[in-house]
Amino acid sequence: MGGGGGRGKRSVRGRATLSSKVATEEEEEEEKEEEEKEEKKAEKKAGKKAEKEEGIKKEEEKEEKGEGSLFIEYQEYPADQEDLEEQHLKETFDKKELHATQFGRLQIRIWRYPHDCLPLQPNMTPGRVLLCCQRTAAWVPVIFIAVVIGWSYYTFVVELCIFTIAAQGKGGKAAIYLVIFHLSFILIMWAYLKTIFTPPICPSKEFSLSQADEEHFEKEERPDIQQEILRRAAKDLPVYTMTSTRLIRYCKKCQLIKPDRCHHCSVCNKCVLKMDHHCPWVNNCVGFSNYKYFLLFLFYSLLYCILVTTTVLEYFIKFWTTNQKTTRAQFHVLFLFFVASMFFISVLSLFCYHMWLVGKNRTTIEAFRSPVFINGPDKNGFSLGLSKNWRQVFGDEKKYWLFPVFTSLGDGVNFPTRLMMDTEQVTVTNYHEQHSRSTGSTENFPVAPLSESKNFLLATDSDKDVRSGIKNHVTVSIDS
């Protein structure tokens, strides 16, 4: 029994020694594998360093030549990733070629690439594709108008004047028609292109909230505190109108305080000074910068239609009543008469409406929703009289009235009001004191002096003749 026990113990010991040998061998293999992995990592890092050093040298040469482009890359890395050497290399050259900043799991890389090795941009998202389609479709009405004008030009010049009037031996009549037609054609195209390609003016940076106020406004959920932030920011801005609930007009999309007569265009996605409307036929917002061009385009369109209908009418009747063989010129002339007559009726109504708005000094938006002043909504709040209303849009120099050049008075931000016309200096301190007693508020609505164009519009004819150089500033204090 005892001998058997001894042999059993020896066998267990022998097995233990074998298992320990196997374990040590496995540990050695694992250590070798780890060493190989570390060597591979070191080789990769060394290769990356060499590549980056070469790229840095090339970029230094590019910078000396004035070449290269800046590319910003956002990458997310695991928080436990240890790549200190690569990070140190990026931070070493942050002032020249690249810079890496890490906020938790988000790492922002700024690279400078040469033009020939810019990384590929990501594919367009469905939202971007839809936006591109919308912008392309917005030009369809403009292309339609351009095609109609181009076709009318061909019909009048080629088919009517050359193939019809000149062919009948009436060259002098055809020449007179061509001269008058080309003058009107140049004017209408000039005004149309100016209306399309004149960008609407947006409010300046002074109407935007500071970064601190903007962050405070976004975090704050109480409307009264938000209005207090806006009231403090708008204290020195030339803003005299408010919302229907007597609040400061603020655009949350553009994050700015709206100047008087400024509105946000949902199509252009920005606030436009003295916005009238967004016109699909010009694919642009009609506002302070191009309102005169728009009115002249309507006016020249009327003259163009009148010229075409009156000159084509004679041959329209002749082609319609005589039993002659139908020709290509006859078809074009008959169709041109119908198109010109239809456009004349539609443009005439629109032109008369806007002339009425100019006489009242209103925009299309203000015609439907009256601006709100200290004494409540007033649809005639900006009306200064027919003469001054006209000059505010077309300017003072009559020689430029009929040409599509910018002559409108003002800056699109400061506008004199009918309240200012009543007295030279208007104050509403009594109203402010009464309102402060009832509400406990001590804040005034923004107060600012009038601009030079305001003083000119508010001045009487005798004041303009004297030209003493004295500038009478009008200040309005309106409680919010």
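Glycine is no exception: its Cβ is also placed from the backbone N, Cα and C atoms.
TrEMBL entries are annotated by machine, without manual review.
Feature annotation from TrEMBL assigns compositional bias 'Acidic residues' to 25-37.
The feature compositional bias 'Basic and acidic residues' is assigned by TrEMBL to 38-64.
The annotation domain 'Palmitoyltransferase DHHC' is assigned in TrEMBL to 249-369.
Feature annotation from TrEMBL assigns region 'Disordered' to 1-64.
If one looks beyond the transmembrane segment (138-162) by at least 6 residues along the same chain, the residues whose Cβ comes under 8 Å of a Cβ in the stretch are 174, 177-178, 181, 185, 188-189, 192, 196, 267, 280-283, 308, 311-312, 315, 328-329, 332-333, 335-336, 339-340, 343. If you look up TrEMBL, you'll see 138-162 (among others) marked as transmembrane segment.
The transmembrane segment annotation in TrEMBL covers 174-193 (among others).
Counting only same-chain residues 6+ beyond the ends of the transmembrane segment (293-317), those with a CB under 8 A from a CB of the stretch are 152, 156, 160, 164-165, 177, 180-181, 184-185, 187-188, 191-192, 194-195, 198, 276, 279, 282, 286, 333-334, 336-337, 340-341, 343-344, 347-348, 350-351, 354-355, 358, 393, 402-404. Here TrEMBL flags 293-317 (among others) as transmembrane segment.
Annotation source TrEMBL lists transmembrane segment at 329-356 (among others).
Listed by sequence, the residues of this chain that lie at least six past the ends of the transmembrane segment (174-193) yet keep a Cβ under 8 A from its Cβ atoms are 145, 149, 153, 156-157, 160-162, 165-166, 282, 293-294, 296-297, 300-301, 303-304, 307-308, 311, 404. DSSP labels the residues of the domain 'Palmitoyltransferase DHHC' (249-369) in these numbers: 69 helix, 16 strand, 36 coil.
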